[in-house]
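Colleague: Following this message is one structure expressed as structure tokens.
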Amino acid sequence: MSQPTKYKRILLKLSGEALAGPSGYNIDPAVLEQYSKEIRQVVDMGVQVAIVIGGGNIFRGVSGERSGIDRVQGDYMGMLATVINAMAIQSSLEKHGMFTRVMSAIKMEQVCEPYVRRRAVRHLEKGRVVIFGAGTGSPYFTTDTTASLRAIEIEADVVLKGTKVDGVYSADPMKDKTAERYTSISFQDVYEKKLNVMDLTAFTLCQENNLPIIVFNMNQQGSLLRVVRGDEDAGTLIH
Ligand code: UDP
């Protein structure tokens, strides 16, 4: 029997950069391994898990533009990068005994399914981990916006933003020793204090649709499980 959890269906947002580990580039097998173990713990509790992965470890449209690549072209390259990451996570999760599907916003039938909302929900109901690749399928958006959008579409209970820090701070905790962590904060306060949680499009989508966000440290062992159980100290809840 699985134990009770606060959230039944989650959308986990992971950045591409996090996948890269200390080097900042490519995919670190040790990170994949650790993330898979963390995700397995919540899947075992009966939680339905959808994942949106970034592509920053491989390519970002904005950086491409600085080196002379057309912005829209670069954004499509970034979206393809997220599919590479999605496939890497898929492979690792399956190695850890989970059933998975990658669904891409850009059709590529030989490697994964196209994104179809109803099918995504069906996969989740069957206990499969669904990984959304290729962002929103449109340039000028981010994978944070993808996370908010998909979470709303699949009626997730919460967006869990896995980061390198354990929540939202009053200032950058890496630079400012007096920075304090919020256990919970309203959308309005995040906005007024100009705290950096997500880009504004992603943030507003959540706010307007009453979809809570939790920022937590994905690199801390057991943290994802604690968040899903509803441990208030495990991250910062934005509501
Ligand atoms: N991207 C895009 N549309 C989307 C999602 C992503 O054009 O809906 C592109 C964009 O160029 C972005 C890149 O894909 O820079 C990688 O995504 P992101 O920067 O969000 O990844 P992360 O920072 O989470 O690693």
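Any Cβ shown, glycine's included, is placed from N, Cα and C.
No curator has checked TrEMBL annotations; they are predicted automatically.
Relevant sequence annotations retrieved from TrEMBL are reproduced here:
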| type | residues | note |
| --- | --- | --- |
| BINDING | LYS13, LEU14, SER15, GLY16, GLY56, ARG60, THR163, TYR169, ASP172 | ATP binding site |
| BINDING | GLY55, ASP75, THR136, GLY137, SER138, PRO139, TYR140, PHE141, THR142, THR143 | UMP binding site |
| DOMAIN | 8-217 | domain 'Aspartate/glutamate/uridylate kinase' |
Colleague: Want to know which binding-site residues, from LYS13, SER15, THR163, ASP172, are within 10 Å of GLY55 (UMP binding site) at Cα; which are they?
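Modeller: Passing the 10 Å Cα cut: SER15.
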Colleague: Work out how many Å separate SER15 (ATP binding site) and TYR140 (UMP binding site) at their Cα atoms, rounded off.
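Modeller: Spelling it out, the Cα of SER15 (ATP binding site) and the Cα of TYR140 (UMP binding site) are 17 Å apart.
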Colleague: Does THR163 (ATP binding site) have same-chain partners at least 6 apart in sequence with Cβ under 8 Å from its own Cβ, and which are they?
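Modeller: Counting only residues 6 or more apart in sequence, the Cβ neighbours of THR163 (ATP binding site) under 8 Å are SER15, ALA18, VAL215, PHE216, ASN217, MET218.
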Colleague: Give me the long-range Cβ neighbours of GLY56 (ATP binding site): same chain, 6+ apart, Cβ under 8 Å, in sequence order.
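Modeller: Correct list: SER15, GLY16, GLU17.
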Colleague: Could you give the Cα-Cα distance between SER138 (UMP binding site) and ASP172 (ATP binding site), in whole Å?
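Modeller: That separation, Cα to Cα, works out to 31 Å.
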Colleague: What are the sequence-distant neighbours of TYR140 (UMP binding site), meaning same chain, six or more residues apart, C-beta distance under 8 angstroms?
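Modeller: The answer is ARG71, VAL72, ASP75.
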Colleague: So how many other Cβ atoms are close to ASP172 (ATP binding site), meaning within 10 Å of its Cβ?
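Modeller: The answer is 10.
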Colleague: Between the Cα atoms of LYS13 (ATP binding site) and THR142 (UMP binding site), find the distance and write it as a whole number of Å.
Modeller: 11
Colleague: Of all the Cα pairs drawn from LYS13, LEU14, SER15, GLY16, GLY56, ARG60, THR163, TYR169, ASP172, the residues the record ties to ATP, which distance is largest, in Å?
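Modeller: Between the outermost Cα atoms of LYS13, LEU14, SER15, GLY16, GLY56, ARG60, THR163, TYR169, ASP172, the distance is 26 Å.
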Colleague: Cβ within 8 Å of the UMP site centroid (GLY55, ASP75, THR136, GLY137, SER138, PRO139, TYR140, PHE141, THR142, THR143 excluded): which residues?
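Modeller: Counting only non-site residues, the set is GLY61, GLY78, MET79, GLY135, THR145, THR146.
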